[in-house]
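Student: Grabbed the feature section from TrEMBL, which reads as follows:
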REGION    1-20  region 'Disordered'
TRANSMEM  44-66  transmembrane segment
DOMAIN    46-334  domain 'Sugar phosphate transporter'
TRANSMEM  78-98  transmembrane segment
TRANSMEM  110-129  transmembrane segment
TRANSMEM  135-157  transmembrane segment
TRANSMEM  164-181  transmembrane segment
TRANSMEM  187-205  transmembrane segment
TRANSMEM  226-247  transmembrane segment
TRANSMEM  259-286  transmembrane segment
TRANSMEM  293-313  transmembrane segment
TRANSMEM  319-336  transmembrane segment
Amino acid sequence: MGSRSTSAMKPFGNIENDLETGKLDKDRDRTARVHRVLKIHNQALLSGLAYCISSCSMILINKFVLSSYDFNAGISLMVYQNLISVIIVSILSFLGIISTEPLTWRLVKVWLPVNVIFVGMLITSMFSLKYINVAMVTVLKNVTNVITALGEMYLFSTHHDSRVWAALFLMIISAISGGVTDLSFHAVGYAWQIANCFLTASYSLTLRRVMDTAKQVTKSGNLNEFSMVLLNNTLSLPLGILLIFVFNEVDYLSRTPLLSLPTFWCVMTISGVLGLAISFTSMWFLHQTGATTYSLVGSLNKIPLSIAGILLFKVPTSLENSTSILFGLLAGVFFARAKIRTRSQT
């Protein structure tokens, strides 16, 4: 009887053990799920912070080099920054950390028109930043969205809804009112910035047309961000060196005492590293979140950048100008949200 009752109890004991094991497994799964969610959230937050810090720092350091150091060789600065990017990407590719496409003559021929616009975009950005404060540069860059939207309509028959056009109209108003109330208005700087808006929009539109052709002439049939960085920066070097002679920056470089300062070289090198960091962190952030969050954060990021630019460089401003700048920044956020809604509807 005793042995029979003991054997009869065993199945119930096993059932209890199974239930306890099942509870433990569920708890373990729940804990693992929580850890996974926290990890994803932390990765998204970290990548977002890295993207915002690198993009803000790049513009502020460029402004510091061009204005505070009064460095009058913007093309040379661009060439040095691009050289730093080429060296770092090449080392990472050689070590197998990243993968890049080999630069073939067929790819270079296809990409050359894009690269010419790319170089023009960087140079005009340097020249405008020397004369205009960071906040106004940020607001004036909104005009690029207007030109791009018109280009998309003409070239790709893209339809934009009323919310997008309303945001674009607000951007134009803020750019005009900001320029009129700018206490440190500089006609040369504004001319360079308008040219930069057209070139930036042209780069974006040309990239869309060329990308498919470029992919077809690569060995893998693809062209990732790292390959684009290497391609753009490598091709920009000979063109940039040619422009250094055309704009006679060689004479200035031979006379300026700045090139004998180790701190100046350190700041220039940091700006080159940050330029590359923007590409890496934007890819990381986009991968961790998505195009919607990336677009919205990019617009919101302009607000602290503008405030930092005004405070760090002691920009003279007025209530009217500050209001115009804020209006323009909010118009940028409104535009990002309008584009997100349009994208979700289509």
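The backbone N, Cα and C atoms fix where each Cβ goes, glycine too.
Unlike curated records, TrEMBL annotations are generated automatically.
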Student: Would you say the transmembrane segment (293-313) and the transmembrane segment (135-157) are touching, if the rule is that at least three C-beta pairs must lie under 8 angstroms and be 6 or more residues apart?
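Tutor: Yes, the stretches contact each other.
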Student: Grab the same-chain neighbours of the transmembrane segment (226-247) for me: Cβ-Cβ under 8 Å, and only residues 6 or more beyond its ends, written as numbers and ranges.
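Tutor: That would be 73, 75-76, 78-79, 82-83, 85-86, 89-90, 92-93, 98-101, 103, 107-108, 111-112, 114-116, 118-119, 122-123, 218, 253, 276, 279.
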Student: Go through the chain and flag residues at least 6 beyond the ends of the transmembrane segment (164-181) whose CB is under 8 A from any CB in it; none is fine as an answer.
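Tutor: Apart from its flanks, the transmembrane segment (164-181) reaches 136, 139-140, 142-143, 145-146, 149, 190, 318, 320-321, 324-325, 327-328, 331-332, 334-335, 338-339, 342.
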Student: Quick test of the contact rule: Cβ under 8 Å, at least six residues beyond the ends. What residues does that give for the transmembrane segment (293-313)?
Tutor: 44, 48, 51-52, 55-56, 59-60, 63, 67-68, 133-135, 137-139, 282, 285-286, 325, 329, 332-333, 335-337, 339-340
Student: What stretch, picked from 78-98, 187-205, 259-286, 319-336, has the most CB pairs under 8 A with the transmembrane segment (110-129)?
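Tutor: So the stretch in question is 187-205.
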Student: Are there residues at least six beyond either end of the transmembrane segment (259-286) with Cβ under 8 Å to its Cβ atoms? List them, or say none.
Tutor: 44, 47-48, 50-51, 54-55, 57-58, 61-62, 64-65, 69, 71, 77, 80-85, 88-89, 225-226, 229, 253, 294, 297
